[in-house]
Amino acid sequence: MNYLFKNGRYMNEEGKIVATDLLVQDGKIAKVAENITADNAEVIDVNGKLIAPGLVDVHVHLREPGGEHKETIETGTLAAAKGGFTTICAMPNTRPVPDCREHMEDLQNRIKEKAHVNVLPYGAITVRQAGSEMTDFETLKELGAFAFTDDGVGVQDASMMLAAMKRAAKLNMAVVAHCEENTLINKGCVHEGKFSEKHGLNGIPSVCESVHIARDILLAEAADCHYHVCHVSTKGSVRVIRDAKRAGIKVTAEVTPHHLVLCEDDIPSADPNFKMNPPLRGKEDHAALIEGLLDGTIDMIATDHAPHTAEEKAQGIERAPFGITGFETAFPLLYTNLVKKGIITLEQLIQFLTEKPADTFGLEAGRLKEGRTADITIIDLEQEEEIDPTTFLSKGKNTPFVGWKCQGWPVMTIVGGKIAWQKESALV
């Protein structure tokens, strides 16, 4: 099916929002211009809505295989499509871990069979993410590994991390890191700050993250490796990354929507839906994340979509697992709380969710260019809705944003020229 989207707006190559039509033919973007006509295409009048590149998320958890009670590739990618994401990068904390040929081939077969959007799987740095034996990077790359990470487990052994970075550099691949120094975690469940003190909870200090990033940056410099930092959350981490970039070290970084919108002062009670890792930090940390995003220290926004069951989250803040679901709320949360409040522009938000992650990792995604694969999301910037987890397509309903009123909701997502998801009656 060919589609002609009429009367839309998009961000052009100069970074300006302008009026446009867009023609999709044979799965590709055939033309982006005003006043397009086509005889062999279904015409869809988007009536002034935003035509954006499909969103790109380099940090997601799909849970399959091994955690299908939390999420599946099918439900997770449907939720991604509903959130406007067309390319997502799946973390390897599955069971089994994609750490060898057999496990990666199985994962890729599942993705091919079940995914509604483009899914790029990470390969693990170490076997079973155990930190003691390096995986076969060459084989994992051959089988389509996006990059290498041990995800929710920081690689504690510096010699292992250095060896991994050297091998990744030879393959022109990135090493991606969840940064925690295990000896400083302190069995914490929230940030070490006012909230932990008030509620008598063990806290995770900010330096637990930043000291690990500092170590890895020096290792990356020694290995001449592209090193990407997951979900930056502290002022100290931003400072260390900024200094590294000024020194010419190949470091990039991401921040989550929840760390841009919330800080520890916003946690109303010991509610496990506010428990994520890294935890919500202090006001100064929150301000540093915004500053880092605006000055280029932080390169992109990634959701860290981490679904859990209601039963798991009901165990209380100390025992419940870390993480919140993120696909279906990311764009409206950011548009409402950053763009509408004048903190960043719409153009910047689009870049942080599309071309910045795509360019950082060399993906042919993130831009509406003629000849490229038609990965597109249509967004209604005017429609206001309340966040209601009962409407989520994700199995995970674990969100701290219940009842938040937001604008900027995706209404249609196109992947490879085919409609992957459409809001009922939105464009008829």
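Cβ atoms are placed via backbone N, Cα and C, with glycine included.
Taken from Swiss-Prot, the feature active site covers D304, and the record attributes it to sequence analysis. Feature annotation from Swiss-Prot assigns Zn(2+) 1 binding site to H59, H61, D151, D304; the stated evidence is sequence analysis. Annotation source Swiss-Prot lists substrate binding site at H61, L62, R63, N93, N277, H308, F322, G323. Among the features that Swiss-Prot reports, Zn(2+) 2 binding site is placed at D151, H178, H231.
For the pair R63 (substrate binding site) and D151 (Zn(2+) 1 binding site), the Cα-Cα distance reads 13 Å.
Of all the recorded positions listed (D151, D304), D304 sits in the most crowded Cβ setting, with the most other Cβ atoms within 10 Å. Of all the recorded positions in the record (H59, H61, H178, H231, D304), the one with the smallest CA separation from N93 (substrate binding site) is H61. Within 10 Å of the Cβ of F322 (substrate binding site) there are 15 other Cβ atoms, across all protein chains. In sequence order, E71, T72, I73, G76, T77, I88, A90, T94, V119 are the residues of the chain that are 6 or more apart from L62 (substrate binding site) and have a CB within less than 8 Å of its CB. The Zn(2+) 2 site, placed at the center of the C-beta atoms of D151, H178, H231, has further neighbours from the same chain whose C-beta lies within 8 angstroms: H59, M91, T149, G152, V176, A177, C179, C230, N277, D304. Fewest Cβ neighbours within 10 Å among the binding-site residues H178, H308: that distinction goes to H178. Each residue in V60, M91, N93, G152, H178, C230, H231, A302, H305, A306 lies on the same chain as H59, H61, D151, D304 and has a C-beta within 8 Å of the C-beta centroid of that Zn(2+) 1 site, without being one of the site residues. Looking only at the binding-site residues H59, H61, D151, H231, the one with its C-alpha closest to N277 (substrate binding site) is H231. In sequence order, H59, H178, E254, V255, T256, H259, P278, A302, D304 constitute the residues six or more apart from H231 (Zn(2+) 2 binding site) in its chain with CB-CB distances below 8 Å.
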